[in-house]
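J.: One structure is given below, represented as structure tokens, and several questions about it will come after.
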Amino acid sequence: GCRYMFGDCEKDEDCCKHLGCKRKMKYCAWDFTFT
């Protein structure tokens, strides 16, 4: 499944909807989208 906020990630696709991977810190964070 997808990674939630602050979950480990390698790329944006690893994260749940509305989350993007912060490559520098290697965690999922909100990508500023609502839809």
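Any Cβ shown, glycine's included, is placed from N, Cα and C.
Not my notes, these are from Swiss-Prot:
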type: DISULFID; residues: C2-C16; note: disulfide bond
type: DISULFID; residues: C9-C21; note: disulfide bond
type: DISULFID; residues: C15-C28; note: disulfide bond
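In terms of burial and nearby residues, how do these features look in this structure?
T.: Within 10 Å of the C-beta of C2 (disulfide bond) there are 12 other C-beta atoms, taking all protein chains into account.
Secondary structure at C9 (disulfide bond), taken from DSSP and collapsed to helix, strand or coil, is coil.
In sequence order, R3, Y4, M5, F6, G7, D8, C9, D14, C15, C16, L19, G20, C21, K22 are the residues of the chain that are 6 or more apart from C28 (disulfide bond) and have a CB within less than 8 Å of its CB. A strand conformation is recorded for C28 (disulfide bond) in the three-state DSSP classification.
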J.: Of C15, C16, the disulfide-bonded residues given in the record, which has the fewest other CB atoms within 10 A of its CB?
T.: C16
J.: Return the count of C-beta atoms lying within 10 angstroms of the C-beta of C9 (disulfide bond), excluding that atom itself.
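T.: The answer is 21.
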